[in-house]
Amino acid sequence: MVLGKGASSSLSMKMADGAEDMVNNNNFTVLVVDDDPLIRKLHDMHLKNFGLRAQVVENGKKAVDLCHVGANFNLILMDREMPVMNGAEATKELRAMGVNSLIVGVTSCGSPNEKQAFMEAGLDYCFEKPLTPDKITFLLQELNKNN
Amino acid sequence: MDVLQLQKQFVDYRASLYHEGFLDEQFTQLQELQDENNPDFVVEVVSLFFEDSERLLNELTKALEQQSIDFKRVDAHVHQLKGSSSSIGAQRVQKVCIAFRNYCEEQNIEGCLKCLQQVKHEYSLVKTKFETMFQLEQQILTAGGSIPV
């Protein structure tokens, strides 16, 4: 399968505290969807520290296209506001396609109504930006539960 | 100056940035992500922040110069700036963005223009601070020392 522009697939052996007990980390795949290159770089790095492989794309449509051609991810980190296709639309489309990855919204504030609408698009969780080690630990626990 | 003095100077300078509200906890997290495999991570992320911000500030200036201001567009740019500044811990820039967004919601032109001035000012301050801090780091490395965590 051809990885698109911006895809990163290097594996880091450095595990953060608390992640040592999660032996299955190296098998989880993550997709980071965000239009800000700073955030993509930041989240990619956070995930690397937990031994997770991340692919990064810059809008919802690219995420949908990837899944459409058969890419499978355990976890999708979805920004809310993006050009071309935003997070809510992308989440709805992914769910409609039958994608049952853990989809987590990562957004910078937004009113409770906006957050609610985003959750209703099909998210499993919605966090405030940026990602932190605690949030990743929590998500890994969820992934380990479901697998 | 010897390595120890340079290191002390760096540590004191960095502490002052937190103390004066230029940086917050998020920046600490950023530093913790850097390691031997990615020694330039912080500099790279901060450089992205500079690029992002400069682009956004230009867009904001243009948008607010229009005859008929598109507040949604202005808000979208401020939202982005708020996101990136909060991600690297540039607290003072982030705070102005919060006020800025409120004025956008109220469609208050004067308020927006005032915030644009303020955010440009805060951005240029924090940019200088970062550049100084990176220079101090370079001096330590050149003198053969290591950067204190």
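Start at 1 and count along the chain as shown; that gives each residue its number.
Placed from the backbone N, Cα and C atoms, the Cβ positions cover glycine too.
Given the structure is predicted, the values throughout are model-derived calculations rather than measurements.
Record features (TrEMBL):
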type	residues	note
DOMAIN	A:29-144	domain 'Response regulatory'
MOD_RES	A:Asp79	4-aspartylphosphate
Other than its own, how many Cβ atoms are within 10 Å of the Cβ belonging to A:Asp79 (4-aspartylphosphate)? 26
For the domain 'Response regulatory' (A:29-144), what's the mean pLDDT in this predicted model? 92
